[in-house]
Amino acid sequence: MRNPVLNIRNVTKHFGAVKALTNVSFSLSRGEIHALCGENGAGKSTLMNIIAGVLQPDEGEIVLEGKTVKIGSPAAAQSLGLGLVHQEIALCPDASVAENIFMATTSRQRSLLMNYRKLEREAQDVMNRLAPIDVRRKAGDLPISSQQLVEIAKALTLDCRVLIFDEPTAALTEAETRILFEIIRGLKTNGISIIYISHRMAEIFDLCDRVTVLRDGHHVSTEPVADLKPDDVVRLMVGREITQLYPPKQQVGERSHEVVLSVRALGDDHRFDCVNIELMKGEILGIGGLIGSGRTEIAEGICGLRATTSGEILLHGKPQAIRNYADAVNAGLVYLSEDRKGSGVFLDLSIAQNISVLNLDALTGGLGLIDAGAEAKLAGDFARKLNIRMGSVDAPVSSLSGGNQQKVAIAKQLAVQPKVIVMDEPTRGIDVGAKSEIHTLLRELASSGIGIIVISSELPELLGLCDRVIVIREGTVAGELDAEAMSEEAVIRLASGVNAQTAQNRLASEHAA
Amino acid sequence: MLAETMGTKAVRAPSWKRLGSMREAGLIAIILALCIAMSFASPHFLTLGNFRAMLMSFSVEGIVVVGMTILLIVGGIDLAVGSVVCFAMVLSGSLFLAGLDPWSASLIGILASALIGAVMGFFVTVVGLNHFITSLAGMVIVRGLCLIITKGTPLSLFTLPPAFKAVGQGSFHGLPYVIIIFVAVVVLFDFLLRRATALRKVFYTGSNEKAALYSGIRTNHVKFWVTVLCSTLAGFAGVIYMSRFGAATPTFGVGMELNIIAAAVIGGASLNGGSGTILGAILGIALLSVVTSSLVLLNVSVYWQDMIKGCILLGAVSIDHFLHKRKAS
């Protein structure tokens with residue numbers, strides 16, 4: 001390897017029982033732009049967070065210009081010349097753009113007072129290289145694409161040897177993207193090494209010198225971009241054996257033409273537009289797409305958790321007026337949030353109290369009192385049915401494992417006898433055993449006639465569990481795959497818009513405007 | 001692996017339950033220990049008269065603690081309770097002096113307190129301010145109202161009819177009405193908090209507002225009505241004080257909110273919402289009351305008392321934080 005600036009050697013990182021990275025090695029040459037690819041959950045973010053000092057590796061070493069270094073904190077990473085442009089914008093919304101840009105420098109400086117005039121002048125110089133944004137404005141007042149540019153400007157001021165861009169163009173217009181690419185190429189000429197994370201194949205092939213593919217926390221391949229085609233990268237990202245066992249799918253003869261849920265031209269004027277979905281009786285419908293494609297927002301729109309401005313929702317052919325989530329629940333449409341701890345379960349409260357939350361009216365007697373016996377019975381019934389492993393129904397949900405917490409969340413939905421359940425990442429962060437139990441449960445529910453929609457970032461889950469998959473890109477349905485057409489490559493192609501660059505660019509500029 | 005997780009679960013659930021009741025059992029133990037120690041230290045402590053005085057001293061505050069605990073469970077806080085207690089007192093008192101019968105005057109005082117709660121609830125749920133700031137402003141504004149109503153001078157209410165004074169001063173077969181009312185309120189709300197659907201929603205909202213919202217609970221309604229309830233109970237306590245003292249002072253109840261919040265927190269209410277019990281909060285205020293009584297009997301200078309009570313609060317909150325951290329991990 002010619003002049004490796006940064007060498008990651010055999011790095012392993014666990015989160016509890018989950019191995020996020022296994023023995024990953026990665027090397028970055030001076031003045032190269034190195035793309036990092038992989039599906040959601042492949043380990044890209046973990047690796048970048050290790051380089052940026054946010055996380056510490058369990059095993060392995062990091063060698064920077066020949067010296068083994070320990071990167072204990074983001075500040076340490078910055079002083080070593082390692083900068084990270086976060087995918088999620090991490091600005092102080094109440095501080096000015098200038099203060100944001102020089103936040104790191106300011107926290108290091110020794111002088112007692114701030115020299116605002118100097119700060120603003122220097123910040124404006126940096127900012128002007130990207131876009132004419134007034135650095136005296138508050139960061140929080142800027143539109144998202146400008147905030148992203150401020151985030152980039154912030155990284156440029158760090159005197160970096162290595163600069164990491166984590167999906168920097170997600171919120172940028174085409175014109176802004178071109179300017180950014182010019183700047184990145186300029187950095188490269190100055191000998192700065194760039195790690196560029198993106199799902200957009202066109203960008204990778206336009207900008208980068210080499211590409212490294214991660215899959216399931218393992219290093220798969222590092223090749224010069226010139227030797228590859230976009231399809232090759234997609235294949236490298238996927239090519240895995242499905243080792244997990246899934247419950248049997250619907251047989252051809254079992255397929256029904258009875259529509260349970262039909263979503264027509266749903267839009268919210270912001271995150272998604274013109275979404276059409278039909279869910280048949282007895283099937284599990286998968287919804288795929290990249291994180292940020294609008295999958296969750298669409299699900300929230302369907303279930304009345306997010307205001308929609310156009311379109312209609314029909315349950316068993318009858319149009320539903322869903323203004324809020326209570327309406328949706330009454331109509332028989334329930335949503336299981338992807339964020340289990342944040343908005344799925346009540347951790348401090350008992351299992352019984354969690355399971356009964358949607359069903360309080362049915363458990364309430366004439367005096368407005370809860371029938372404690374009926375509540376315990378309801379919880380006990382579901383606990384048995386779903387095989388929730390627990391001490392008693394009075395134990396708090398926080399005492400359960402992730403898989404059992406998720407079963408409580410599902411029991412909560414089932415308690416109201418729904419017609420359709422929309423599940424966002426139903427098995428995220430759950431161990432394999434519980435995962436397969438939940439998959440079996442979902443199949444049973446589907447067979448019993450409840451419509452199931454599963455949103456998942458995990459391709460094996462989508463393909464292994466679902467009878468049909470819809471892929472969302474940039475807030476609209478990019479395509480639909482039936483059992484015969486379903487493959488990981490097909491999903492990734494639809495999700496990342498290979499062969500569909502024009503549509504993507506058009507949407508990107510609309511998005512920013 | 002499976003057997004192991006099942007094993008820890010089987011042990012964990014009852015141990016948590018024990019932890020929950022341990023809070024109350026621990027408080028009872030501390031109170032008893034303090035009482036025993038005091039019975040040796042002072043001959044006046046273990047007398048019926050002293051116990052009655054202690055019980056009387058926290059009975060009325062105890063009613064306010066009930067409201068505060070429920071508000072803390074929903075994730076709110078009310079710094080204005082001391083002012084509202086005083087407001088109900090001086091408003092009812094001045095209406096009485098203006099010629100209204102004391103029962104109607106008291107009812108108006110309580111309703112006006114509820115209205116103050118409604119205004120604070122409006123600012124919290126509709127305007128979107130937090131409980132702390134809203135009730136801080138409420139505390140100052142309502143105290144100002146008290147001063148305006150009374151023009152800064154105490155109202156002398158010795159003309160209150162005996163039937164009304166009996167509420168605060170009389171007793172039933174030797175048991176003061178104040179204590180009977182207090183026990184009734186505590187038992188009622190303890191029961192409702194465990195069993196009523198409406199109050200169950202308080203736990204859901206305080207435990208995880210987003211999840212509650214995602215479960216179709218109108219969390220803003222819940223927060224609004226709990227804020228109203230807290231002020232209403234404070235107003236109720238205010239008119240009982242009026243009956244008991246036969247007077248209404250515009251500076252009554254200054255600093256009371258801190259005692260009330262301290263009691264609820266010592267009793268296990270979390271400032272993050274989602275947990276708390278009426279029994280715990282009552283034990284909390286009983287503990288503070290025993291401490292105060294002990295300090296007086298031991299001739300500890302008044303100047304020391306606040307500091308000692310503050311240290312007890314700090315200790316209780318630290319223990320709470322420690323237990324929560326352990327539970328989370």
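Please read every residue number as a count from 1 along the shown chain.
From the backbone N, Cα and C atoms, a Cβ is placed for every residue, glycine too.
Pulled from TrEMBL:
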type     : residues  : note
TRANSMEM : B:51-74   : transmembrane segment
TRANSMEM : B:79-100  : transmembrane segment
TRANSMEM : B:106-129 : transmembrane segment
TRANSMEM : B:136-154 : transmembrane segment
TRANSMEM : B:174-193 : transmembrane segment
TRANSMEM : B:224-242 : transmembrane segment
TRANSMEM : B:278-301 : transmembrane segment
> In terms of Cβ proximity under 8 Å, which residues at least six beyond the ends of the transmembrane segment (B:224-242) contact it?
Replying inline: 60-61, 63-64, 66-68, 70-71, 74, 76, 78, 80-81, 84-89, 92-93, 106, 109-114, 116-118, 120-122, 124-125, 131, 157, 160, 167-168, 178, 181, 185, 198, 202, 248, 252-253
> Counting only pairs at least 6 apart in sequence, do the transmembrane segment (B:51-74) and the transmembrane segment (B:136-154) share 3+ Cβ pairs under 8 Å?
Replying inline: no
> Taking the transmembrane segment (B:79-100) as the reference, which of B:106-129, B:136-154, B:174-193 gives the largest number of Cβ pairs under 8 angstroms?
Replying inline: B:136-154
> Do any residues of this chain, six or more beyond the ends of the transmembrane segment (B:136-154), have a C-beta under 8 angstroms from a C-beta of it, and if so which?
Replying inline: 78-80, 82-84, 86-87, 90-91, 94, 116, 119-120, 247-251, 254, 257
